[in-house]
Every structure is written in structure tokens, then in C-alpha cells.
Amino acid sequence: MNKVVLLCRPGFEKECAAEITDKAGQREIFGFARVKENAGYVIYECYQPDDGDKLIRELPFSSLIFARQWFVVGELLQHLPPEDRITPIVGMLQGVVEKGGELRVEVADTNESKELLKFCRKFTVPLRAALRDAGVLANYETPKRPVVHVFFIAPGCCYTGYSYSNNNSPFYMGIPRLKFPADAPSRSTLKLEEAFHVFIPADEWDERLANGMWAVDLGACPGGWTYQLVKRNMWVYSVDNGPMAQSLMDTGQVTWLREDGFKFRPTRSNISWMVCDMVEKPAKVAALMAQWLVNGWCRETIFNLKLPMKKRYEEVSHNLAYIQAQLDEHGINAQIQARQLYHDREEVTVHVRRIWAAVGGRRDER
């Protein structure tokens, strides 16, 4: 199996293709990307027969920015007979996967696929039973075994394959299912909530998103991101010349500072989180984020980089490299991740966590 399917946001296929070609090439897994505009997925076809499996094992999925999910597949199954779609699919997977831990029957995230998605949900139950009978799936779901993927691109037309549960997205179609809170000031709140799900392991939430932490929200108005911090019982400095939602001010957890987010300098030395969703050139935002991290003004940060119309992968890569270079120059070990989230549009969300510094900085790193 030499093909890897990567699901992405429709309209960002070129960026997804450029990224996987670049990062696979760095690991000497060479191939080419098949791209169809607004399809919501890319197929990276490796030149060597077993390189698809090698790619999804060796390249950390968390290092990808534009892919929501990935899995290795075989040849396209076409013209599945309506009276028996199951038998050909089972046949394709036998000998490829044994005792898989989960089945996901998926489509690309496009308007055209919505009707197909309804079929996929109904089709999952009988297909799961048949795959268990054939030994392709284990009798019970388990996160310790590979995930079996059946990816429909049209009625009666699908790819079959698998991903590794320790190196994929845990979410169906790579999309966390989040509900908009009725009392949130803006829909942007879902971006930060999704970022927490994507970047922070669930078993670390109690420690890293803890009650009583201090946080800063730069460009906070009207408070969509502040809302997520308040919801986790943090104390928040919300920095913006624009007004904050009264509902947030009434909690008593928010201090509104009428200042420019680019000029604000914190006076506290125990700020755990800084978040930022400002509409500004990505290079300017990246420089500000690097300043906060180098100076030890926060321990972790989540921020958005707005994307230009062209060369979007190159622009993001350049900004992330700049931040990494600044951290390296000052002897700071940090973890950097970036992802175009489901709730992002013409932007990517970045998470940076200071691990330790060679030079004494924050008290919690000494």
C-alpha cells in the first residue's frame, strides 16, 4: 500500500500537498501528491510499495499543519454493487489489517458529501459486523490497535486502509464535535476550545488548564477566548481597546485593560497562559509571541496566524521557524505545534509550550 490519504479543509489542498511532499521528502519517502481543487482531501502516492505505511508510522501526525486526518490505502474500489457493497470492502482489508481497534467510514468535509455521510453512518453497523466476522476488526473497540478507515469519495466508490491510533487524529473525519455554548460572546470561542482538544492531551487538562491559573488574552474583545479561560476558573487579564461582554465581567474573574495588545506588558510573573486572536500580519504576531516566550511572560500560548492569499504553507513555515530560532538563540527548550483547525478559516492556530530554559527565567522552570 503506497498511497496516503490526507483530509483537509476544502480550498487548502495545495497547502496540504506542499506540506506532505516537503515533510515526506525530508524523511526520504519520495512520491507525488494528487490534488483536486476543493475536494477536501489529498492523496500522496509514494514511489516505493511499502512507503505509505512507513510514512504514517515515522512522520509524527502532530507535525502536520494542514492535515486533519491521514491513513494509508490501497487501490480505489469502484462500482461497488448496491446489493452487496460489503464483500469487496472486506476482501480488500483481509490480510492488510488484523484485529483492528475501531472502524471509521468517512467522507471529505464538503457540501457535496453531506448526503454520502448519511449513508456512511448507516453503513457502518453492518460493515463493522462483517469485518469482525472476518477478523479484520477485534470483537471490541480498543485504542491500542490500528483504526480501519473506509473513505467514500462518491457513491459506490471508496478507498480502504488504516491508521495507527498513536499517530493519527482521535476524531472522526479529524473533526472534534463541539457545541457552541449559548452564553459565549462569539463563535470564536470554539477555536480555542478545539485547540485545547487538539494540542493538550486529555489526561493533562487538570494540570495544565487548572483552576486558579492566571492568563492573558490579547485582542480579547468581545471575549470569545476569554470565555474558555473563565470557564476553566482562571483569572484573566483581557487586553483590548474594545469592550468586553458584560456577562464575563460579572464573573469577577476578568480584568479588562484598555490597551493595545502589541504594547501591553504584564506585571505579574506567574502567568500560565497567553492567548491571542488578533487580525494582523502573521510576521508581526509571530514576533510578539516570540517576545512573550523569550521573556518568560507566559508558560504556554495559543495564538492564530492569519494567512495570506498565496504561498500560505511557506508563510506559516517561515513564521514558525522564526519563533523556533528566537527560542534557540535564548536557550529555551519549547514544544511548537500548529494546525489549521476545523473552526479556523484563513488562518492556522499555533501552540507553544516552554519546557525549560538554560538561563534562569520563570520560577516554575528552575
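From the backbone N, Cα and C atoms, a Cβ is placed for every residue, glycine too.
Cross-referencing Asp133, Asp260, Asp328 with the S-adenosyl-L-methionine binding residues that Swiss-Prot gives (Ser188, Cys221, Pro222, Gly223, Gly224, Asp240, Asp277) picks out Asp260.
The binding-site residues in question are Cys221, Pro222, Asp240, Asp260, Asp277, and the one with the fewest Cβ neighbours inside 10 Å is Asp260. For the S-adenosyl-L-methionine site, whose binding residues are given in the record as Ser188, Cys221, Pro222, Gly223, Gly224, Asp240, Asp260, Asp277, the maximum C-alpha distance rounds to 20 Å. Residue pair Cys221 (S-adenosyl-L-methionine binding site) / Lys306 (active site, proton acceptor) shows a Cα separation of 17 Å. When the binding-site residues Gly223, Gly224 are compared by the number of other CB atoms within 10 angstroms of each CB, Gly224 has the fewest. Taking the C-alpha positions, the distance from Gly223 (S-adenosyl-L-methionine binding site) to Lys306 (active site, proton acceptor) comes to 19 Å.
When secondary structure is read from DSSP and collapsed to three states, Lys306 (active site, proton acceptor) falls in the strand class. Around Lys306 (active site, proton acceptor), the same-chain residues six or more apart in sequence whose CB sits under 8 Å from its CB are Val279, Glu280, Lys281, Pro282, Val285, Glu346, Glu347, listed in sequence order.
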